[in-house]
């Protein structure tokens, strides 16, 4: 890179090797660098000189409470900031994003990856100003702790429970940065909806969000699907084909069901995230992309890392900010808000609007919702179709919901107070629910793990009034 007027970068880090290596590399790329070893010196230098970028460590003298980032935010809001840290944590990532950091990188960082972040941050000088404009309350917005932000309803996110308000706060803070995000939660909790919210609230919203479903791409075709291929590169490649990543250049790549990605494919994904470049199959010319990665899974990736089924380096690259979505059963009366929203959406045309009976709402509150929001939506649509009048009664609901009012939650069931058959039934139902959740409602694969025939699995599901469709994507 050759700049006509050298752009100035302030490097603040207490590790001499990192400072010197980084400065030397960036100078070779045409940047002018000034190095300091603690936050106090950095703040003093900022008072006397102007910079185009601040590159800062977190764990250095004088920066115990993010002093340098706060100084940059309040007095130098037009200067983008990048954090490079060897001790990442969710609280520090969230606070960094809140203070306007444009990138949050982990040590050891590849110099090419660092250069990409530097170029991206400097080329988007409006990022910091956009963050401040976004966080300034408008007269029409209610950001009190008792209400979800107006934008969330516009994007189809409904909820007032404390756990969902916490999720929305993290979404609001992280959206305008380019930090990678990992979204976890049970099947049906709305992970893709949250990913879309992050994209739509970001500076990338004018470009595409590309959904990449890891369960739908065979391992042998993963590289071709993501990176594309050129004509003749393999049998069946009859023409050049652009990959999915090309479609979201400048936008967001949403990697769904990340936990299902084979180890060989994980290595290829890691390389793209680190270098922001890829090479189409059969080609030798790498292509640079500017893409943010938001990923989702219903697996515990830390457990997968411990079991050596998931790469630890990929996990730490993607889990810079981790958003865990609560299951519907833990969201209190959000279930009522959601049920009414689905009712309004699917309300038949006519003069007599349909409503829920009080007993129906109590069934919604007491039921455990193993399929979460997806199951609730299916129940509302089914009840609308079967309702005999203008009010949806409890009798219009599936049997498990009707029975839930009189059932103890399985967590509190005193096994010593019930018969052996009832205790076994409770355990059997809980097992089937977890099994279907793991296999996304695919009966064949669930039956295979359980050591049952497909017919035997269907018989069990019917006996326990479990609908596999509630667990499907």
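Going from the start of the chain as shown, residues are counted 1 onward.
Every residue gets a Cβ built from N, Cα and C, even glycine.
For 8-122, the entry in TrEMBL reads domain 'Response regulatory'. Residue counts for the domain 'Response regulatory' (8-122) under DSSP, split into helix (H, G, I), strand (E, B) and coil, are 53 helix, 25 strand, 37 coil.
For 57, the entry in TrEMBL reads 4-aspartylphosphate. Neighbour density for residue 57 (4-aspartylphosphate): within 10 A of its CB lie 24 other CB atoms from the protein chains shown.
Annotation comment: TrEMBL describes 125-153 as region 'Disordered'.
Positions annotated as compositional bias 'Basic and acidic residues' by TrEMBL: 129-144.
What TrEMBL records for 157-385 is domain 'Sigma-54 factor interaction'.
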- request: Tell me, roughly as an integer, the mean pLDDT over the domain 'Response regulatory' (8-122).
  value: 86
